[in-house]
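Peer 1: Got a structure for you, questions after.
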Amino acid sequence: MIDKSIPLVDLHRHLDGNVRVQTIWELGHQHGIALPAQSLAELAPFVQIQGKENSLVAFLKKLDWMVAVLADLDAVKRVAYENVADAALSGLDYAELRFSPYYMAMNHNLPIEGVVEAVIDGVNAGLKDHAVKINLIGIMSRSFGQEKCLLELEGLLAHKDKLVAMDLAGDELGFPGDLFNDHFKRVRDAGLAITAHAGEAAGSESMWQAIQTLGATRIGHGVNAIHDPKLMEYLVKHKIGIESCPTSNLHTSTVDNYDVHPLRTFLDAGVLIGLNTDDPGVSNIDIAHEYRVVKSEMGFSDAQLAQLQRNGVEMAFMSDSDRKALYAAKA
């Protein structure tokens, strides 16, 4: 199912959406934070999807618990370290971990730049102990408005040499991309690549804006592109990568079930699309789960799965020499 000769990657993976249940429990008790359960077993349903619950509101509540326990920078560093460990344990050769420093900082008024530094330190510590390659993507969380995003941007750009890209995430309908044109001009001026969550809650116009104005060369989710033939042609012609997260799309009710997920439409059209986990801690999945469901629920062949795997490597924000090294390590 997973082709061992091709590097296994996960490019759309939120570091702040992957906090272990055990870690939430321990940090909550360590810092006197009231948790919604009296035992570790009882806590799991509050922070992880159980079974087939598909509700955006429920999903976001679970996500919020993951940052509610980040009471100090040591907690941030621990979560970053464990993200590297989890990536390695799930068999990934390469992952891009993205994080929103304001979202991680806001519950306990942590310094935004301090959060960025703690994430970098935790990832570096993790890389010393685990055989996986990691790059970092900074997120501006649009839901908190332009000013908070500017604070995030400044904290992230202070360490731009430790990042490969910047992302725009959050409430796509309430805070359209046009509000962040100036923010992304600074990102482009800093020489960072750009990805953006778009075409998930909003339509294809959100994707056009992200690509043509913000400068995105990859799009997170992008499920609504299939309703715009001109956009589909553009995606193929310009090799705009689509970071697909099927299980997450189900859990957030972006799609009703795997049968109607547009992954196959994208692949058949020749769009550069790959599989990702999104918030693996909340969805309670790993990358192998995504390949399994695409095969079992969506009927993809092993050849199609291998194409998705190759696409992921091609889309990665890395140099051609690093890409070749990833393949060489699989030989």
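Using N, Cα and C of the backbone, Cβ positions are placed for all residues, glycine too.
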Peer 1: Just to be sure I read the record right: H14, D16, G170 are listed as binding substrate in Swiss-Prot. Which of D259, D268, D279 is listed for the same site?
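Peer 2: For the substrate site that includes H14, D16, G170, Swiss-Prot also lists D279.
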Peer 1: Of the residues D93, D121, D278, D286, only one is listed by Swiss-Prot in the Zn(2+) site with H12, H14, H197. Which is it?
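Peer 2: Zn(2+) site check in Swiss-Prot: besides H12, H14, H197, the record includes D278 out of D93, D121, D278, D286.
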Peer 1: Of all the Cα pairs drawn from H14, D16, G170, D279, the residues the record ties to substrate, which distance is largest, in Å?
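Peer 2: Looking at H14, D16, G170, D279 as a set, their Cα atoms extend up to 13 Å apart.
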Peer 1: Taking DSSP three-state, what's D16 (substrate binding site) in: helix, strand or coil?
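Peer 2: Where D16 (substrate binding site) sits, the three-state DSSP reduction gives helix.
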Peer 1: Suppose the Zn(2+) site is H12, H14, H197, D278. Which further residues of the same chain have a Cβ inside 8 angstroms of that site's Cβ centroid?
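Peer 2: Sorted by sequence, the hits are R13, G17, R98, A169, G220, H221, E243, C245, S248, N276, D279.
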Peer 1: Say we define neighbours as other CB atoms within 10 Å of the CB. Which of the recorded positions D16, E200, D278, D279 has the fewest?
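Peer 2: Comparing Cβ neighbour counts within 10 Å for the recorded positions D16, E200, D278, D279 gives E200.
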Peer 1: Hey, for the substrate site built from H14, D16, G170, D279, who else sits with CB inside 8 A of the CB center?
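Peer 2: For the substrate site the neighbour list reads L15, G17, L63, R98, F99, S100, Y103, I139, A169, D278.
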Peer 1: Do you know offhand how many angstrom separate E200 (active site, proton donor) and D16 (substrate binding site) by C-alpha?
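Peer 2: Pair distance, Cα basis, whole Å: 20 Å.
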Peer 1: Out of H197, H221, D278, the recorded positions in the record, which is closest to D16 (substrate binding site) when you go by Cα distance?
Peer 2: D278
